[in-house]
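Straight from TrEMBL, the features:
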DOMAIN    1-402  domain 'Major facilitator superfamily (MFS) profile'
TRANSMEM  5-25  transmembrane segment
TRANSMEM  37-61  transmembrane segment
TRANSMEM  73-92  transmembrane segment
TRANSMEM  98-120  transmembrane segment
TRANSMEM  132-153  transmembrane segment
TRANSMEM  159-180  transmembrane segment
TRANSMEM  214-238  transmembrane segment
TRANSMEM  250-271  transmembrane segment
TRANSMEM  283-300  transmembrane segment
TRANSMEM  379-395  transmembrane segment
């Protein structure tokens, strides 16, 4: 478990840290007049790479007969690609170089996720899945928040700003290779698998896996809502609330701490309640209501303190949503464990798909909002609130879980 914890911290320090600190700041330096457009393209391209690569890596890991295990080789290869991407971005002098680095980082993190995503269904019994998903959520949130706390220290050094998370990934790689327990697929098990082209693995009829399909669709919609209520946080502070460049690094750190505490609290409470009361579907709906309430407060915040109140609710809601939804996903996973890598990777697609077009959609909404009395970023947050609640309601269609 320790190796898995370090792996998630390293991986998400890189991805989330880029999205909330390094990319917004660097894009604003390189293209100040078109920063929203370029940030949207950057985050969208990164997500698109994840959408394409993650399910392929997951399906291939289901077939792996490596002596290292089914998942370890993919995790190791992914770390190497991610490190290359971080170095390229650290040396970037243009947005084009940032885009290249983002592609490499996206490939790396996608391959890592394709392998690591199946570890929980491979090894964790049903009664503990909510708790383990909660631990993973704490790791993900902690990594992003730690990045928001420590990366601003390197705002004067672009190379360290991008490569600092890489050192954690190197530690994670060593621990994964030498400590992590991994499932091994015997040659007999592989021979028993259907002889199909790898691309045909993804021809899935939603009617044959209805519960999984409803959870998948709901996740797409909820994540779209969270993307709209998180991507432009730095710009809300600077453009809407008038925070100056001298105050910005400190406020990024403070908002990071607020996000850390509230998301961890939400993850712990959500996972514990999920496992004990067996009400995963209801909890998904409740968490989206918290997200919506926080987004509405941020949308109309006249000051930084009110903005912080909105962040508290957003943190609690998103923190609780991820482990509860993650446990629900595993509950309805098709294939009886034989294709965990594939189906868990497709859940990553559900997570990354809205991240690929959400920022671009958000920039369009912001442009429309700027022409109204509501304001650009306020409209983005309001639309995100509505979308998150709608997404939560899809789980009511699920029949195979509580």
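Cβ coordinates are placed from backbone N, Cα and C, and glycine is handled just like the others.
Bear in mind that TrEMBL entries carry predicted annotations, made automatically and left uncurated.
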Listed stretch, out of 5-25, 132-153, 214-238, 283-300, 379-395, that has the most CB pairs under 8 angstroms to the transmembrane segment (98-120): 5-25
Chain residues in Cβ proximity to the transmembrane segment (283-300) (below 8 Å; excluding those fewer than six residues from its ends, i.e. six or more beyond): 218, 222, 225-226, 228-229, 236, 266, 270, 273-274, 306-307, 309-318, 320-321, 324-325, 328, 374, 377-382, 384-386, 388-389, 391-393, 395-396
Segment proximity, the transmembrane segment (379-395) to the transmembrane segment (5-25), 3 or more C-beta pairs under 8 Å: no
Top Cβ-contact partner of the transmembrane segment (132-153) among 37-61, 159-180, 250-271 (pairs under 8 Å): 250-271
The transmembrane segment (250-271) in contact with the transmembrane segment (214-238), cutoff 8 A, at least 3 CB pairs, sep 6+: yes
